[in-house]
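**Student:** Before we start, here is the structure in question, set down as structure tokens.
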Amino acid sequence: MLWLFYSSAIIASVILDFVGIIMSLFITVVNYKTWVKSHRISSSERILFSLGITRFFMLALFLVNTIYFVSSNKERSVYLSAFFVLCFMFLDSSSLWFVTLLNSLYCVKITNFQHSVFLLLKRNISPKIPRLLPACVLISAFTTCLYITLSQASPFPELVTKRNNTSFNISEGILSLVVSFVLSSSLQFIINVTSASLLIYSLRRHIRKMQKNATGFWNPQTEAHVGAMKLMIYFLILYIPYSVATLVQYLPFYAGMDMGTKSICLIFATLYSPGHSVLIIITHPKLKTTAKKILCFKK
């Protein structure tokens, strides 16, 4: 029964992954066309373009890896497994840093805090985006290289995977994976949760203030603020379980967990990327309008 549940979780993760690939490609193409057409692109659209490309390759790699894992009758070498792990770690870390940068940009630009740090960031963050994007990639490359360096000290044993008798022996080298993951993810988690929480608090305060004034309450600016607040709330709902599930997957005792727990972790870990991409589309005016045109929902 648990194997059936786990198989269903794998099928669900493949479907979600496929949806995420389509959504990421859509975000990339729309922002690229905007860039080519107007010969300029905003800071947020530049981040979305980078995020779309990174997520597309990350989810495509995950899909190929899953299909190969399920369909292969042959034993799987440790080198191929290590290649998939390293590429996925780099792409996943890059996409998370892009999301962190996007949330920070939204927080700084939309909130109206008068603290000197916020005012300084508000003036300087947009011009720095072209430099911060490569910095995100370099940080991801550094954490991946750190993983490789640490894994050389305690190398992975031979990893053999069979179709009908799956066996992962990763007791050695797991510490290096956990260390590199925590170094990268903990800072991302703190920045994302802080940015989202500050933005939600600021927008709620702004909306309540406008409700009290009751003059021209619902205008395009307020609608954009409400959309940003919804995006942050739903982002936290997806991101926090994803972070917990991903961390659990990298811990040594994960291999000994029952299939039910593994299935839940797999679903939460897979749901985040496509779910967040869908949220971006339905809360971004230009992406939402283009999606409606494609789906023939425009009145």
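FYI, residue positions are counted from 1 along the chain as it appears here.
Just so you know, glycine gets a Cβ as well, placed from its N, Cα and C.
In case it helps, Swiss-Prot gives these features for our protein:
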TOPO_DOM  1-9  topological domain 'Extracellular'
TRANSMEM  10-30  transmembrane segment
TOPO_DOM  31-46  topological domain 'Cytoplasmic'
TRANSMEM  47-67  transmembrane segment
TOPO_DOM  68-81  topological domain 'Extracellular'
TRANSMEM  82-102  transmembrane segment
TOPO_DOM  103-131  topological domain 'Cytoplasmic'
TRANSMEM  132-152  transmembrane segment
TOPO_DOM  153-172  topological domain 'Extracellular'
CARBOHYD  ASN164  N-linked glycosylation site
CARBOHYD  ASN165  N-linked glycosylation site
CARBOHYD  ASN169  N-linked glycosylation site
TRANSMEM  173-193  transmembrane segment
TOPO_DOM  194-230  topological domain 'Cytoplasmic'
TRANSMEM  231-251  transmembrane segment
TOPO_DOM  252-262  topological domain 'Extracellular'
TRANSMEM  263-283  transmembrane segment
TOPO_DOM  284-299  topological domain 'Cytoplasmic'
**Student:** Based on DSSP, tally up the residues of the topological domain 'Cytoplasmic' (103-131) by helix, strand and coil.
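**Tutor:** Result for the topological domain 'Cytoplasmic' (103-131), in helix, strand, coil order: 24 helix, 0 strand, 5 coil.
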**Student:** Tally Cβ pairs under 8 Å between the transmembrane segment (82-102) and each listed stretch (10-30, 47-67, 263-283), then give the stretch with the top tally.
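**Tutor:** The stretch with the most contacts is 47-67.
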**Student:** Do any residues, 6 or more residues outside the transmembrane segment (47-67), come within under 8 Å Cβ-to-Cβ of it, and if so which ones?
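**Tutor:** For the transmembrane segment (47-67), the list is 10, 13-14, 17-18, 20-21, 24-28, 31-32, 35, 41, 84, 87-88, 91-92, 94-95, 98-99, 101-102, 105, 129, 133, 273-274, 277, 280, 284.
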**Student:** Sort out the residues at least 6 away from either end of the topological domain 'Cytoplasmic' (103-131), same chain, that have Cβ-Cβ distances under 8 Å to it, and list them.
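**Tutor:** Sequence-distant neighbours of the topological domain 'Cytoplasmic' (103-131): 43-44, 46-47, 191-192, 195-196, 198-199, 202-203, 206, 225, 228, 231-232, 235.
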**Student:** Over the topological domain 'Extracellular' (252-262), what is the model's mean pLDDT?
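**Tutor:** Mean per-residue confidence for the topological domain 'Extracellular' (252-262): 71 out of 100.
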